[in-house]
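**Student:** Dropping a structure here in structure tokens format, bear with me for questions.
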Amino acid sequence: MLIARRARDVTAAEAPLLAAGVPLMATAVRALGTAVAGLLRQRCGRVVGTSVAVLVGSGDNGADALLAGAELARRGVAVIAIRAGSRVHDGAARAAHRTGITLLAPGAAALARAARCDVVLDGVTGIGADGPLRGAGLDVVVGLLAALEAVPRPDRPLVVAVDVPSGIGVDDGTVAGPVLGADRTITMGTAKPGLLLPPAALLAGEVDVVDLGLDLAGAEPAVVRLERADVARLWPVPGPTDHKYTRGVLGVVAGSTGYPGAAVLATSAAAPLVGMVRFLGPDTVVDAVLARHPEVVHGDGRAQAWLVGPGIGVDDGERLAQVREVLERAVAHGLPAVVDAGALEVLPERVGAQVVLTPHAGELARLLGARGEDVAREDVEARPLAHLRRAVALTGATVLLKGAVTLVAGPGTAVHSQADGTAWLATAGAGDVLAGVVGAALAVRSDDVVAEPGLAAPLAAAAAAVHGRAARRASGGGPIVAGDVARAVAATLAEVLRD
Ligand SMILES: NC(=O)C1=CN([C@@H]2O[C@H](COP(=O)(O)OP(=O)(O)OC[C@H]3O[C@@H](n4cnc5c(N)ncnc54)[C@H](OP(=O)(O)O)[C@@H]3O)[C@@H](O)[C@H]2O)[C@@H](O)CC1
Ligand SMILES: [K+]
């Protein structure tokens, strides 16, 4: 599990080690040097003779970056260093000087040179920053972003962020000013919340954590990300005495004459994962579902969890009446349920954490608006976690806010952040597939969720992980439709459970 801790917790954990003389910075610098050398080898096929530009801020973040630059210079890399603060760490400046690196003033000429290097190392600010970039750091980032515009995309340098992309909200993931988006972030000691929370997380690229041996046991995890083994631990494997009913029945109310495909996608994703899917919908939709999945059972009856809403519009009164009836019944029995798309319109005033809402940013804004909050989609996109938390507080539900980075939290649970997919997953119907996987995750552990409703949040995060991995598997780096993702779900789960 990837665990993010707040800046103050990291600083507190560093203090005793620094007092004991443990050379944390040397470890950070070594890891940076190795990572950058690896990227240079990938990009240029060699390290010697490549070029790196280092943006050097005033604090230890700048020192990390400059010392890594000195190490790379010793390995034959042509390094330029650009001042991005009011001062430079003494020891790092001396080490740079010894390797022949001169510190350049942040003018247009230096930034144009940086824009043509193989790698840029962003050491403007780290966890010691207060607020968005200002002063020399801001000028350097704005200037470099402009200089990069003049370079054809394939020739632009790879950007490596030291600890965090400078200027992000380290603890809250906000982006309140210019930030140089990174291809990779080498983060020290532990992940930081801003590396996992959008919108900042979208600027961090791949995140590698450098082990500094910090004792963070006492620090409350701010955000967590499930990895393969965590998903495997959460997902039950049937035993020899299991049958379709003990494995879990998922009831699905989905699809409409306007959107029959959503029902097909949701049931296709769920069917292989559960003992049985039972389906309620208009006849034409039932026909479409059964044509694809003859194993789906048509008609009302007992289920261990319900999924309501995919392919049902917010003004489809007839379908929403059925959703309302099924949802109220599920809530009255304390059963887990997934509430998606139009069904969010008929969510009871208060529900328990066993009910998982799956809005995108626009739907979350609408949900909050219906509860008296003045919120636009852009507000949710700028501060997704804050709005997700508000929705949890107002409804009592577990909320999965889907996006390139999907966030999940319930009342009192950890915040989960999953980013397992691919940009190709931004395609019609992907949300219907996700809803199917979340429904399945709740159905197969229904008894556990009824006993411990807080379990719905990690299970929904696990479902998001399976969905994202299925998209990656189906895509192989190229375009996909949602049906490809649904078809890849079963093999993806097998892979998750096997490894
Ligand atoms: N301690 C260790 O051994 C280890 C530390 N580690 C590393 O240290 C980093 C933390 O270093 P830190 O505490 O020196 O703070 P840091 O983030 O470099 O910036 C502070 C300076 O930046 C400035 N500044 C502030 N706000 C700003 C803004 N909004 N916009 C622009 N500038 C701003 C301000 O300078 P001023 O404005 O006064 O010139 C301030 O003094 C951490 O992220 C990690 O990389 C790791 O290697 C592990 C071992
Ligand atoms: K940085």
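Glycine too: its Cβ is placed from the backbone N, Cα and C atoms.
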**Student:** Taking TrEMBL at its word that Lys402, Gly403, Ala404, Val405, Thr406 bind AMP, choose the one of Gly372, Gly431, Gly436 listed for that site.
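**Tutor:** For AMP, TrEMBL names Lys402, Gly403, Ala404, Val405, Thr406; of Gly372, Gly431, Gly436, the listed one is Gly431.
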**Student:** Name the one residue among Asp122, Asp208, Asp211 that TrEMBL lists for the same K(+) site as Asn61, Ser166.
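**Tutor:** Only hit among Asp122, Asp208, Asp211 in TrEMBL's K(+) site, alongside Asn61, Ser166: Asp122.
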**Student:** When you measure from each Cβ to the nearest atom of ligand 2, which of the binding-site residues Asn61, Asp122, Ser166, Val405, Gly431 fall under 6 angstroms?
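**Tutor:** Going through Asn61, Asp122, Ser166, Val405, Gly431 in sequence order, those close to ligand 2 turn out to be Asn61, Asp122, Ser166.
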**Student:** Find, for the listed binding-site residues His360, Lys402, the residue with the lowest Cβ contact count at a 10 Å cut-off, counting only other Cβ atoms.
**Tutor:** His360
**Student:** Distance check, please: Cα of Asp130 ((6S)-NADPHX binding site) against Cα of Ser166 (K(+) binding site), rounded to an integer number of angstrom.
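**Tutor:** Cα to Cα, Asp130 ((6S)-NADPHX binding site) and Ser166 (K(+) binding site) are separated by 11 Å.
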**Student:** From the Cα of Ile127 ((6S)-NADPHX binding site) across to the Cα of Ala404 (AMP binding site), what is the distance in angstrom?
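**Tutor:** For Ala404 (AMP binding site) versus Ile127 ((6S)-NADPHX binding site), the Cα atoms are 25 Å apart.
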**Student:** For Lys402 (AMP binding site), which of these binding-site residues sit within 10 Å, Cα to Cα: Asp60, Ala63, Asp122, Asp163?
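**Tutor:** Within 10 Å of Lys402 (AMP binding site): none of them.
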**Student:** So which other residues, same chain and not among Lys402, Gly403, Ala404, Val405, Thr406, Gly431, have a Cβ within 8 Å of the centroid of the Cβ atoms at the AMP site?
**Tutor:** His360, Leu401, Leu407, Gly421, Ala464
